[in-house]
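Before any comments, here is the structure.
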Amino acid sequence: QKLPGNDNSTATPCLGHHAVPNGTLVETITNDQIEVTNATELVQSSSTGRICDSPHRILDGKNCTLIDALLGDPHCDGFQNEKWDLFIERSKAFSNCYPYDVPDYASLRSLVASSGTLEFINEGFNWTGVTQSGGSYACKRGSVNSFFSRLNWLYESEYKYPALNVTMPNNGKFDKLYIWGVHHPSTEKEQTNLYVRASGRVTVSTKRSQQTVIPNIGSRPWVRGLSSRISIYWTIVKPGDILLINSTGNLIAPRGYFKIRTGKSSIMRSDAPIGTCSSECITPNGSIPNDKPFQNVNKITYGACPRYVKQNTLKLATGMRNVPEKQTRGIFGAIAGFIENGWEGMVDGWYGFRHQNSEGTGQAADLKSTQAAIDQINGKLNRLIEKTNEKFHQIEKEFSEVEGRIQDLEKYVEDTKIDLWSYNAELLVALENQHTIDLTDSEMNKLFEKTRKQLRENAEDMGNGCFKIYHKCDNACIGSIRNGTYDHDVYRDEALNNRFQIKGVELKSGYKDWILWISFAISCFLLCVVLLGFIMWACQKGNIRCNICI
C-alpha cells in the first residue's frame, strides 16, 4: 500500500517511533496505568535462600548464642578469639552450662556483636583467701565438672571468705569489657556452705560508674538439675580508668577482659544455610542482590541493601510511550507517522524515518535522537539505587518484658518509617516515569520540528507525522533529510512548480462540488417561490388575512 499523495514527481517521508505488540504498564503522576515499550522492575522480592560467605566475614553460631560464646560455655569453646562481620545465631542454639540470666541482655549482645571479635586477654587478679575455679555438674567439659571459661567462680577456703578488694587499671589505649556475675543460691544452707556469710555483696566500680548487687537467695525453676542462678553483668573500663571490685561473697569474678572495637559488625538470627557465593546484602531469608533500589524480602538487613518497602512491584519506565501499530495498515503500519501510532519492527533505534518515493520504500533509524533519549534514561536506575540503598545494617530490636511500652513505640516508629518509604518510593518512581515519557515525547517532537524546518515550503505537513514533498526526491535526497544536510534552495523551483500543478488538478477535480452548491441554491429558490404563491392564493380566498400597521 502506497503512502498518501505519492507519484513519480513527489515523495513522502514519515517520522515515527518504536512500538512493541505488548508493552508494560507503569504508573505516572497523571496516570495510574500507562503503557511503555520497556520497563525495569525496581523491587527485589526474592532471596537466594542462602547466606553468602563473601565479601562479608560470616561466623555461623551453630549451637551457640553469642552470649554463650562470650561467657565460654563448654560447647562453645571453638569460638574463642573469633572475629566476624556478621554473627549468625540459629534457632537451635542452646545453653549447656550453669543457668544464668543477663539483666541487660540486649545491650550486651549488641555491644559484643558490633565489636566483631571475642578476643580475650587474661589478667592476673589477686584473689587471696578464697578458692578459685569452682565448677558444677550442670556444666560439663568433657566428663569433668566445669564452668564458663571466661569467668572465675570464687568460694570459701577452709570455711573462710574474707572481704575482697581488687583493682585493675586500664593502661591501654582501648576500651576493656569485663564480664562478671553474682551467684544466687537456692537455699540459705547453700549460701553459707559456699560463702560462709548469710548474705554477700558485690560492688564493681570505675571512675564513671558503680554497680552494687545483693544476692537473692531462693529456689527457682529447675534447669539442668539446678534451682540456683547466676546473674551476668558487664562493665566497660575506659583508657586511664580503674576497675575496682569489692565483695563479701557470691562473686563470679572476671578472668580478664575483651577488647572492644568500634565497627559495623552485627548479629542476625537466621536458619538460612551459608553458601560459597558473593553478595553485599544479607537478610534472615538469605542474601539478595543489591542491583535494585527497593526490596520486600525482609526488614532486617546487613550490608549495602535495597530499601525495604511494602510494595511487591514498582516498575521504572526505560522506554517510551507505547502505541502499538495498527495491523490493518499494511507493511507501513500507520501509513501516517507518530501522531497516529508507533512502528513495530524498528530495531535499530527509538525514532526514525519511513519513506516512499520513485525508487520504492525504505526505513532508517535516527540514531542521534535515539541516543539523546537513552543517555538521559540510562542514569535513572543508578541514581535511584544511590538514593535508596542503605549502606548500614538494620538490626533486630530487642527489649525485655518490662520495656514492653518501649518495644511497642519502637515497632510503631519502624512501621511508620516503612509506610513513609513505601509512599516515597511510589511517588519517586511515578515522577521518574512521568519524566521519561515526557522526555521521549519531546525528542520525537524535536525531530519532527527539525525536519519541518529543513523542508519549509518544499513540502506540506500532512498532519499525521508525514510530509508530502513537491519535488522528485530519490534515496540520496531522503538521506539528506535524515542526516540534516538537505538543501532547500536546490529543490525550491521544482517544488513550487509541482505544487501549483497539483493544486490546479485539485481545482479541476472540484467542479462537482460547484454543481452541488448551485443545485442546492436553485432548489431553495424554487421552494421559496412555491411558498410565496401559496400565501398569495390563500389571501385572495380569504383563508389568510394580512394586516399591515404603520
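The chain as shown is numbered from 1 upward.
Glycine is no exception: its Cβ is also placed from the backbone N, Cα and C atoms.
According to Swiss-Prot, the feature topological domain 'Extracellular' maps to 1-514. Confidence in the topological domain 'Extracellular' (1-514), given as mean pLDDT, stands at 87.
The N-linked glycosylation site feature in Swiss-Prot is assigned to ASN8 (among others); the stated evidence is sequence analysis.
According to its DSSP assignment, ASN22 (N-linked glycosylation site) is coil. All protein chains included, ASN22 (N-linked glycosylation site) registers 8 other Cβ atoms within 10 Å of its own Cβ. Positions annotated as N-linked glycosylation site by Swiss-Prot, on the basis of sequence analysis: ASN22 (among others).
Sequence annotations record features per position, and here Swiss-Prot assigns N-linked glycosylation site to ASN38 (among others) based on sequence analysis. Of all the Cβ atoms in the protein chains shown, 18 others lie within 10 Å of the Cβ of ASN38 (N-linked glycosylation site).
Under the heading disulfide bond, Swiss-Prot lists CYS52-CYS277 (among others). Counting only same-chain residues at least 6 apart in sequence, those with a Cβ under 8 Å from the Cβ of CYS52 (disulfide bond) are ILE58, ILE274, GLY275, THR276, CYS277, SER278, SER279, ILE282, SER287. DSSP gives CYS52 (disulfide bond) a strand state.
ASN63 (N-linked glycosylation site) falls within neither a helix nor a strand when secondary structure is assigned with DSSP, and so counts as coil. For ASN63 (N-linked glycosylation site), the same-chain residues lying six or more positions away in sequence with a CB closer than 8 A to its CB are HIS75, CYS76, ARG90, LYS92, ALA93, PHE94. The N-linked glycosylation site annotation in Swiss-Prot covers ASN63 (among others) and rests on sequence analysis.
Here the Cβ of CYS64 (disulfide bond) has 23 other Cβ atoms within 10 Å, regardless of which shown protein chain they belong to. Residues or ranges marked as disulfide bond by Swiss-Prot on the basis of sequence analysis: CYS64-CYS76 (among others).
Cβ-based neighbour count (10 Å, all protein chains) for CYS139 (disulfide bond) stands at 23. Taken from Swiss-Prot, the feature disulfide bond covers CYS97-CYS139 (among others).
For the recorded site, ASN126 (N-linked glycosylation site), the DSSP three-state label reads coil. Look at Swiss-Prot and you will find ASN126 (among others) tagged as N-linked glycosylation site.
Annotated N-linked glycosylation site per Swiss-Prot: ASN165 (among others), in sequence order, evidence recorded as sequence analysis. Less than 8 angstroms from the CB of ASN165 (N-linked glycosylation site) sit LEU244, ILE245, ASN246, each of them six or more residues away in the same chain.
Under DSSP, CYS281 (disulfide bond) is assigned to a strand (E or B) in the three-state scheme. Using a 10 Å Cβ-Cβ cutoff, CYS281 (disulfide bond) registers 25 neighbours. Sequence annotations record features per position, and here Swiss-Prot assigns disulfide bond to CYS281-CYS305 (among others) based on sequence analysis.
If you take the C-beta of CYS473 (disulfide bond) and look for same-chain residues 6 or more apart in sequence within under 8 angstroms, you find THR10, ALA11, PRO13, ASN357, ILE481, TYR491. Feature annotation from Swiss-Prot assigns disulfide bond to CYS473-CYS477 (among others); the stated evidence is sequence analysis.
Annotation note: ASN483 (N-linked glycosylation site) sits in a helical segment as assigned by DSSP. For ASN483 (among others), the entry in Swiss-Prot reads N-linked glycosylation site.
According to Swiss-Prot, the transmembrane segment annotation covers 515-535, on the basis of sequence analysis.
According to Swiss-Prot, the feature topological domain 'Cytoplasmic' maps to 536-550, an assignment based on sequence analysis.
Among the features that Swiss-Prot reports, S-palmitoyl cysteine is placed at CYS539 (among others). In the three-state DSSP classification, CYS539 (S-palmitoyl cysteine) falls within a helix.
Taking the Cβ of CYS477 (disulfide bond) as reference, residues of its chain lying under 8 Å away and at least six apart in sequence are, in sequence order, ALA11, ASN357, TYR486, TYR491. Among the recorded positions CYS97, CYS539, the residue whose Cβ has the fewest other Cβ atoms within 10 Å is CYS539. In this structure, CYS76 (disulfide bond) is part of a helix by DSSP.
Checked against CYS139 (disulfide bond), the recorded positions ASN22, ASN38, CYS305 differ in C-alpha distance, with CYS305 being the nearest.
Ranking the disulfide-bonded residues CYS76, CYS277 by how many other Cβ atoms lie within 10 angstroms of each Cβ puts CYS277 at the bottom. If you take the Cα of ASN126 (N-linked glycosylation site) and the Cα of CYS97 (disulfide bond), they are about 26 angstrom apart, rounded to a whole number. Rounded to a whole number, the C-alpha distance linking CYS539 (S-palmitoyl cysteine) with ASN22 (N-linked glycosylation site) is 75 angstrom. Between the alpha carbons (Cα) of CYS97 (disulfide bond) and CYS64 (disulfide bond) lies a span of roughly 12 Å.
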